[in-house]
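Now, the feature entries from Swiss-Prot:
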- SER14, SER15, GLY16, LYS17, THR18, GLU19: ATP binding site (BINDING)
- 6-202: domain 'DPCK' (DOMAIN)
Amino acid sequence: MLKLLKVSITGDLSSGKTEACQVFQELGAYVVSADEISHSFLIPHTRIGRRVIDLLGSDVVVDGAFDAQAIAAKVFYNSVLLQGLEAILHPEVCRIIEEQYHQSIQDGNYPLFVAEVPLLYEIHYAKWFDSVILVMANEDIRRERFMKKTGRSSEDFDQRCSRFLNVEEKLAQADVVVENNGTKKELHQKIEEYFYALKGAL
């Protein structure tokens, strides 16, 4: 079977991971998102959905669908519930990422397979990938981006960031570090350079 290079994009909250993935997609890569995958199978009447309800309670379901804000309100200030939710979701996310990888090979039209996995190191999934890109930005810039995009508070930013591994540990493990303290155009140029470097190495 043809082997397609597996690349993961990771980084802290509001560092620019999704923007980087969009550039890869525009350049022809097969791109998947761990967050989008987890949202796609969070359906109340599925096996995974029932496990989530058993953990968090039926009040996280509103009008027949999971309420993201209700889930967040329960887990972000309760580490036991958060760990329980992640134990349910993360294995399924990894399984689907790997299914998508094999699908991308079967399709045969892609130069790279790219997965956005925010908690890549936290769930010990980095070794599955051939290369890891760590997207970084200064904390004050990330905080401003987060608050502007979500309308949430600075305290929410801090609480969500507490889930992430220390940045020094990530720096020690990443294959490539992309700084994203500037404009979108500058980020696009950096990702394009890495895309063509990877293609050239194949």
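Here the Cβ of each residue, glycine as well, is placed from N, Cα and C on the backbone.
What you are looking at is a predicted structure, and each value in this text was computed from that prediction instead of being measured.
Feature map: Swiss-Prot annotations on the structure.
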| residue | record | Cβ neighbours (10 Å) |
| --- | --- | --- |
| SER14 | ATP binding site | 23 |
| SER15 | ATP binding site | 28 |
| GLY16 | ATP binding site | 27 |
| LYS17 | ATP binding site | 26 |
| THR18 | ATP binding site | 17 |
| GLU19 | ATP binding site | 15 |
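In the three-state DSSP assignment, the secondary structure recorded for SER14 (ATP binding site) is coil. Apart from SER14, SER15, GLY16, LYS17, THR18, GLU19, the residues listed for ATP, the same chain places the Cβ atoms of GLY11, ALA20, VAL135, ALA137, ARG145, ASN180 within 8 Å of the centroid of those Cβ atoms.
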